[in-house]
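The feature transit peptide is assigned by Swiss-Prot to 1-39, with sequence analysis given as support. Sequence annotations record features per position, and here Swiss-Prot assigns site 'Part of a proton relay during catalysis' to Thr107, Tyr170. Per Swiss-Prot, the feature pyruvate binding site maps to Thr108, Ile261; the stated evidence is similarity to another entry. Summarising the annotation, Swiss-Prot assigns active site, proton donor/acceptor to Tyr194. Residues or ranges marked as active site, schiff-base intermediate with substrate by Swiss-Prot on the basis of similarity to another entry: Lys222.
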Amino acid sequence: MAALKGYGLCSMDSALQFPCPKLFNSYKRRSSKWVSPKAAVVPNFHLPMRSLEVKNRTNTDDIKALRVITAIKTPYLPDGRFDLEAYDDLVNIQIQNGAEGVIVGGTTGEGQLMSWDEHIMLIGHTVNCFGGSIKVIGNTGSNSTREAIHATEQGFAVGMHAALHINPYYGKTSIEGLIAHFQSVLHMGPTIIYNVPGRTGQDIPPRAIFKLSQNPNLAGVKECVGNKRVEEYTENGVVVWSGNDDECHDSRWDYGATGVISVTSNLVPGLMRKLMFEGRNSSLNSKLLPLMAWLFHEPNPIGINTALAQLGVSRPVFRLPYVPLPLSKRLEFVKLVKEIGREHFVGEKDVQALDDDDFILIGRY
């Protein structure tokens with residue numbers, strides 16, 4: 001993601017005056033790790049408030065209580081910019097159908113394809129429009145600790161209720177490094193740690209989570225390893241959300257998960273709420289499993305992007321490298337919608353297969 005521009009804070013002519021750090025004093029060692037005076041972070045003056053201020057204070061227990069959190073999709077205009085009208089409609093539908101939180105700019109929301117300016121803007125927009133009705137959890141994680149610190153400060157500055165943090169990927173670190181990375185951001189506010197080894201290439205082991213759980217700001221873990229891991233956490237008092245839609249029913253009712261952070265709820269939020277709130281429902285779960293399998297036939301968010309376009313909820317615009325599912329899979333989705341019932345899905349238009357030529361692929365935006 002694009003680096004954020006820094007500014008000299010010690011200029012006498014600056015409109016915002018900050019004290020110059022005493023460099024020699026700040027280098028005193030109280031332990032084996034040196035901590036900079038401001039965590040090497042400076043405010044971005046184009047943001048609505050300084051990144052060191054906090055707009056909302058949310059109790060971590062409020063985050064721990066959430067059962068249905070939607071990893072919200074980010075729709076696009078034909079030129080690749082955010083389609084905020086479609087985005088607002090989608091978030092409104094989530095609220096109306098009982099979703100309690102949204103992950104903004106996560107994997108499903110394609111935060112990995114956003115600049116940090118886009119990312120923080122979308123978090124702030126979501127807070128300003130919907131923050132009184134739904135918990136806004138900003139994905140401000142990064143494989144760079146410096147970027148994670150900076151983005152998380154900005155996310156809390158524009159009002160997000162909690163942060164989602166992934167472990168450093170590609171340039172993997174040691175378990176001790178994982179712990180130090182998360183400790184660098186945990187003090188800022190309520191935090192969900194996201195464990196998805198299939199994407200990061202590294203599992204976050206329970207011993208790391210148990211160490212981090214000593215911090216009261218750890219709301220819990222979005223866990224994608226499986227239900228045995230879910231059970232291990234719940235038996236040890238760690239809140240956990242299933243990160244696998246196809247396992248979330250059993251995670252909730254058999255293994256003690258608090259709920260789910262879901263992709264499928266973009267499409268059927270009311271049914272996902274029913275699955276998490278109304279007790280064991282094997283019949284409904286079985287009904288939804290084929291849809292969940294379809295959504296993850298290719299890596300997320302390819303399936304959800306294709307489905308929302310077919311439902312007419314978002315434009316058929318893809319930021320590369322994502323491309324739509326082929327026609328054969330789109331025809332399968334039409335059949336799935338009819339089997340489950342169009343009334344359970346978001347939007348009001350008839351589901352369509354769409355032609356290949358209907359899709360717009362954007363590489364420069």
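Using N, Cα and C of the backbone, Cβ positions are placed for all residues, glycine too.
Everything Swiss-Prot records as a feature, shown here on the structure.
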residue	record	DSSP class
Thr107	site 'Part of a proton relay during catalysis'	coil
Tyr170	site 'Part of a proton relay during catalysis'	coil
Tyr194	active site, proton donor/acceptor	strand
Lys222	active site, schiff-base intermediate with substrate	strand
Ile261	pyruvate binding site	strand
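Among the recorded positions Thr107, Thr108, Tyr170, Lys222, the ones whose Cα sits within 10 Å of the Cα of Tyr194 (active site, proton donor/acceptor) are Lys222.
A 10 Å cutoff on Cβ-Cβ distances gives Lys222 (active site, schiff-base intermediate with substrate) a total of 25 other Cβ atoms nearby, all chains included. Neighbour counts of Cβ atoms within 10 Å were taken for the recorded positions Tyr170, Tyr194; the minimum is at Tyr170. Here the C-alpha separation of Lys222 (active site, schiff-base intermediate with substrate) and Ile261 (pyruvate binding site) works out to 7 Å. In this structure, Thr107 is the one among the recorded positions Thr107, Thr108 with the smallest number of other Cβ atoms inside 10 Å of its Cβ.
Cα separation, Thr108 (pyruvate binding site) to Tyr170 (site 'Part of a proton relay during catalysis'), rounded: 19 Å.
Separating the Cα atoms of Thr107 (site 'Part of a proton relay during catalysis') and Tyr170 (site 'Part of a proton relay during catalysis') is a whole-number distance of 16 Å. Long-range Cβ neighbours of Ile261 (pyruvate binding site) (same chain, at least 6 residues apart, Cβ-Cβ under 8 Å): Ile69, Thr70, Ala71, Ile103, Ile192, Lys222, Trp241, Ser242, Gly243.
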